[in-house]
Amino acid sequence: MATPPKRFCSSPSTSSEGTRIKKISIEGNIAAGKSTFVNILKQVCEDWEVVPEPVARWCNVQSTQDEFEELTTSQKSGGNVLQMMYEKPERWSFIFQSYACLSRIRAQLASLNGSLRDAEKPVLFFERSVYSDRYIFASNLYESDCMNETEWTIYQDWHDWMNSQFGQSLELDGIIYLRATPEKCLNRIYIRGRDEEQGIPLEYLEKLHYKHESWLLHRTLKTNFEYLQEVPILTLDVNLDFKDKEESLVEKVKEFLSTT
């Protein structure tokens, strides 16, 4: 029996063939269409995978694909932290943002050891990143007085430490910004009918839109991560229904990937 060839000993961000896994974050406002968009992308190419936001964990519900996954300690203890945050933001914003970032890091790190390890041209699409966790959502809650000075300081310290431990594995090769007006996002919130989000006011979406524009369109938002200033960004107008221009959007993504 012939001895099988030795396989390349790969790092978490490298496929078993030695090809680096491209990591692309899909960013945008609440209900801009990120979940719909990543579902489109994962059907395009077998070398493309997506890591959806772990919303089920935030709502303390096991999603279908996690049917056999062991519950985390936080899930066993109960509590819909997403709903708690929306209902009483001054009390729960710090808890929610910390857990949202933790669960995101856990999901994204786990994905690096998935089926893409055998892919020829692997691309991993994250539904949001640890950077929007901090510089869009947590920052907005602090500026809206939903986090006090002590909580914000602790959150930033914790975020810096988590990134010092795991951030290199999650560094982005590109960002796709799904750009939609706050009014369109509010309409989509009503349509998708997620109970926790039904009380979101337009003003909240407008604040998040402004931050996304500053970070991803005008590139004036400052972060602690210098490399982000040079990360390529593809901006897609998604005010229209994806069904009307799905093929065009996919082609733009392919072209973007060829240059990153």
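Backbone N, Cα and C atoms are what each Cβ position is placed from, and that goes for glycine too.
As the structure is a computational prediction, the values presented were derived from the model and not from experiment.
Residues Glu53, Gln97, Arg128, Asp133, Glu197 are recorded by Swiss-Prot as substrate binders, and the candidate that the same record lists for that site, out of Tyr86, Tyr204, is Tyr86. Taking the C-alpha positions, the distance from Asp241 (ATP binding site) to Glu127 (active site, proton acceptor) comes to 19 Å. Spread of the substrate binding residues is 19 Å (greatest Cα-Cα distance among Glu53, Tyr86, Gln97, Arg128, Asp133, Glu197).
The binding-site residues shown are Ala31, Lys34, Tyr86, Arg188, Glu197; of these, the one with its CA atom nearest the CA of Glu127 (active site, proton acceptor) is Lys34. Among the binding-site residues Ala31, Ile191, the residue whose Cβ has the fewest other Cβ atoms within 10 Å is Ile191. Taking Cα separation as the measure, Gly28 (ATP binding site) is nearest to Arg128 of the binding-site residues Tyr86, Gln97, Arg128, Asp133, Glu197.
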